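In what follows, a single structure is set out as structure tokens and then discussed.
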Amino acid sequence: MTHELVEKSKKYLWLPFTQMKDYDKDPLIIESGNGTKVKDSAGKEYYDGFSSVWLNVHGHRKKELDEAIKNQLEKIAHSTLLGMTNVPATELAEKLVQLTPEKLTRVFYSDSGAEAMEIALKMAFQYWQNKGKTKKQSFIAMHNGYHGDTIGAVSVGSVDLFHDIYGPLMFKSLKAPIPNVYRSESEDPIQCRDECLHILEDLLKEKHEEIAALSIESMIQGAAGMVVYPDGFLKGVRELCSKYDVLMIVDEVAAGFGRTGKMFACEHENVQPDLMAAGKGITGGYLPIAVTFTTEEMYEAFYDDYEKLKTFFHGHSYTGNQLGCAVALENLRLFESENIVGQAAEKADYLRDILQELYSLAHVGDVRQLGMMCGIELVASKETKEPFPFEKRVGYHVSLKMRELGMLTRPMGDVIVFMPPLVSTKEELADMTAIMKEAITEVTAVVV
Ligand SMILES: *Cc1c(COP(=O)(O)O)cnc(C)c1O
């Protein structure tokens, strides 16, 4: 049975972000899951060390979430949000608005983080058109930013490995630097932050009349390799956007819903975005729902008689899906009743302590963490911070070794991503850390 399934997967599938030549060598088919573990079709169990790519919150097969979907199924699975709404989408919108920063009062649904970002970009663009400031048409994007894989989201992204090839397809955006303390000369967070803010201010001073919005990941760049901003950076960016009348789009797709030890990461610095994208953890990792939040002021710029042509002409077939909204509602109820955000903050403190051990390894250059989002950067030399040669694929081989040892995760280059479900127990966190340690030690010992 397993062999047959593996052969079928090789014959028919083309997987996202995957060199299929790698998959054909090391195929894997997940069949079930329970708590923080998933099981493959051959019966081998693995810790879900990356929350099934940054989604899972309460573990797999959480009874209440399973029930919420079953209960909703008794009523209806889906109906459209074009021109009408449904019960769970409406209830969820109210709940979400209560949780988000105060200025964000409107909810626009979609199905993925990339779409939530596309919507934010189009809303920002049209806002200025609707307001008659027609010159404001371009965007500022951050170096190494990642907002998803559709063309608009890629246009404000800049992870070269993923994005370079699509250059000719993208709309142009201006790039501003992100303070990467580990890779900076001084390694002084404050100096590093202020240098970046100065460069951003120079750019805004010169170009603000043509700039509609700036897009930035909240508090930490995930896909860039878990790069945590120095204190005050996000707040500094907010202040500059306000000063130069540029909208601020904050991407909370990875960091939102408790992942950093706050419900939304921008709460760490009391930042109020004009637009905010969220997704991933919103359904506890169950179904594809995403949201673009915005302010009443933005909303009002689109609210007029139809003939004025200010309508936001955007939507998707499954927008506001009832099963998805029902499970998201139950997810948020669990956030409250099980104090998930408080738990995550406490677990993160524990993790910070045990992850320190990794510094003792010969090739661990940096251990970065914000809440339950962690990145371990592997380098050829700790003294010079020289990376391993690209073709050695050290991060990839470490992840294969971890898989052998019973834990799944996906690296970003040579940064090992560790992002366990928020409810992982301390014992499980210690187990997972031990697996990382063993895999890093074994693999790096043979590369050099
Ligand atoms: C995952 C992610 C996205 C894209 O979300 P999808 O649901 O995969 O389209 C956007 N921004 C950030 C910061 C992400 O981590």
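Every residue gets a Cβ built from N, Cα and C, even glycine.
In TrEMBL, annotation is done automatically, which means it is predicted and not curated.
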Among Asp48, Asp164, Asp251, which is the one TrEMBL gives for the pyridoxal 5'-phosphate site where Gly113, Ala114, His316, Ser317 also bind?
-> Asp251
Compare the Cα of Gly113 (pyridoxal 5'-phosphate binding site) against each of the binding-site residues Tyr146, Gly315, Arg410 and report the nearest.
-> Tyr146
Nearest of the binding-site residues (Tyr146, Gly315, Arg410) to Asp251 (pyridoxal 5'-phosphate binding site), judged by Cα-Cα distance = Tyr146
So which binding-site residues out of Gly113, Ala114, Arg410 are up against ligand 1, CB under 6 A?
-> Gly113, Ala114
Nearest-integer angstrom distance between the alpha carbons (Cα) of Lys280 (substrate binding site) and Ala114 (pyridoxal 5'-phosphate binding site) | 11
Around the Cβ of Ala114 (pyridoxal 5'-phosphate binding site), other Cβ atoms found within 10 Å total 23
Quick one, of the binding-site residues Gly113, Gly315, which Cβ has the fewest other Cβ within 10 Å?
-> Gly315
Taking the Cβ of Arg410 (substrate binding site) as the centre, how many other Cβ atoms fall within a 10 Å radius?
-> 16
